[in-house]
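Enquirer: Take a look at the following structure, please.
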Amino acid sequence: MVQVNGNYLKLKAGYLFPEIGRRVKAFSAANPDAALIRLGIGDVTEPLPQACRDAMKTAIDAMGTAEGFHGYGPEQGYGWLREAIATHDFKARGCDISAEEIFVSDGSKCDSSNILDILGEGNRVAVTDPVYPVYVDSNVMAGRTGDAGDEGRYAGLTYLPISADNGFAAQIPSDPVDLIYLCFPNNPTGAVATKEQLKAWVDYARANDALILFDAAYEAFIQDPSLPHSIFEIEGARDCAIEFRSFSKNAGFTGTRCAFTVVPKGLKGKAANGEAVELWSLWNRRQSTKFNGVSYIIQRGAEAVYSEAGQAEVKGLVSFYMENAAIIRRELSAAGLTIYGGEHAPYVWIKTPDGMDSWGFFDHLLNKANVVGTPGSGFGAAGEGYFRLSAFNSRANVDEAMARIKAL
């Protein structure tokens with residue numbers, strides 16, 4: 001009998017969102033007439049921008065001709081998309097990032113997991129708590145942790161608690177670590193980082209030869225022009241950071257799949273013998289071996305995000321979801337709940353009322369208001385007593401959900 005990867009057996013009962021799905025399915029089976037409103041998983045609801053749809057239609061038509069047909073594309077992404085990304089997302093903000101350092105992919109979730117392929121198993125890993133579960137689970141799957149304890153924390157990981165007490169800003173670790181996951185704007189708390197806060201992390205990473213894995217999937221939702229959108233706005237970050245970005249939330253590509261990862265040339269790790277090795281070369285080799293590239297049609301759609309029309313439509317989508325977040329903040333605050341986030345991110349982080357635990361509040365909203373959210377404890381032990389609501393839904397559903405919750 002074939003032997004399985006035993007690391008998967010260390011995983012807790014289920015990934016957070018499938019567990020939510022199981023509970024919702026059971027509720028719906030018992031209550032078939034209930035009109036559920038889902039403010040849990042961060043999936044967008046509004047249509048793709050017209051500029052992107054038009055570009056993809058043109059690409060589809062081109063694929064129907066001998067002259068315009070495209071087969072396998074470059075694993076790293078087409079040059080015209082990489083150039084557009086470098087120009088609009090990085091050079092426009094003063095970041096020294098070239099097109100060659102951008103690798104187009106089918107999702108930042110995939111990349112934040114796959115990046116472990118090029119990093120050694122012995123690295124000491126630090127994550128915030130609460131945290132996007134993929135960072136933890138992918139390290140468990142890769143054999144970088146021990147077993148989970150009673151609170152769900154895995155042996156071998158360094159957990160950096162974030163809460164209202166520290167402004168949802170993790171403290172620099174007291175012990176040296178090699179790999180640091182940072183996400184700003186933060187999922188799940190909605191917190192943001194200033195340039196000064198990111199500089200402290202960059203300084204730590206450079207002083208300790210650590211690598212920062214920076215998830216900027218929600219950077220488009222930042223409203224304050226003084227806040228950084230990229231780790232590469234910080235001097236020295238090229239020497240110690242990799243950044244993940246996505247078209248999923250700003251341009252609605254959750255169903256079409258397009259993202260990118262930035263690996264600066266010259267960024268180095270070390271081999272077992274101590275020799276310095278360029279990470280760009282390793283990631284390029286990894287992608288060339290294990291990835292066939294994103295569809296030509298989808299990449300043309302992503303390129304259109306950077307057109308004048310595309311930029312205007314993306315701005316409109318971001319504004320729509322941020323207004324949803326503002327409604328959630330306002331209405332739940334008026335209902336007496338303590339609210340965080342939702343000002344620079346599409347997530348609102350709620351302190352559960354009356355000492356209720358996270359899953360208890362989940363069941364309460366599901367059963368009494370027919371509203372689905374995400375229990376904070378699913379993001380880590382320090383998320384217990386909190387609850388996340390997503391602003392990704394129609395205005396009518398957000399208004400109705402708030403009315404139901406306020407009526408409880």
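Including glycine, each Cβ sits where the backbone N, Cα and C put it.
Note that the coordinates shown come from a computational prediction; the quantities given were computed from them, not determined experimentally.
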Enquirer: If Swiss-Prot gives Y72, S108, K109, Y132, N187, Y218, S246, F247, S248, N292 as binding pyridoxal 5'-phosphate, which of R82, R124, R206, R257 does it give for that site as well?
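Expert: So, going by the record in Swiss-Prot, that would be R257.
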Enquirer: Hey, does DSSP put R388 (substrate binding site) in a helix, a strand, or just coil?
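Expert: The residue in question, R388 (substrate binding site), is strand (DSSP, three-state).
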Enquirer: Using a 10 Å cut-off on CB atoms, tell me which of the binding-site residues N187, S246, S248, N292 is the least crowded.
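Expert: Among the binding-site residues N187, S246, S248, N292, the lowest count of other Cβ atoms within 10 Å belongs to N292.
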Enquirer: Checking your reading of the structure: which of the binding-site residues G42, K109, N187, N292, R388 lie inside a 10 Å Cα sphere centred on Y72 (pyridoxal 5'-phosphate binding site)?
Expert: N292
Enquirer: Tell me whether S246 (pyridoxal 5'-phosphate binding site) sits in a helix, a strand or coil according to DSSP.
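Expert: Where S246 (pyridoxal 5'-phosphate binding site) sits, the three-state DSSP reduction gives strand.
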Enquirer: Binding-site residues K109, Y132, N187, R388: which have a Cα within 10 Å of S246 (pyridoxal 5'-phosphate binding site)?
Expert: K109
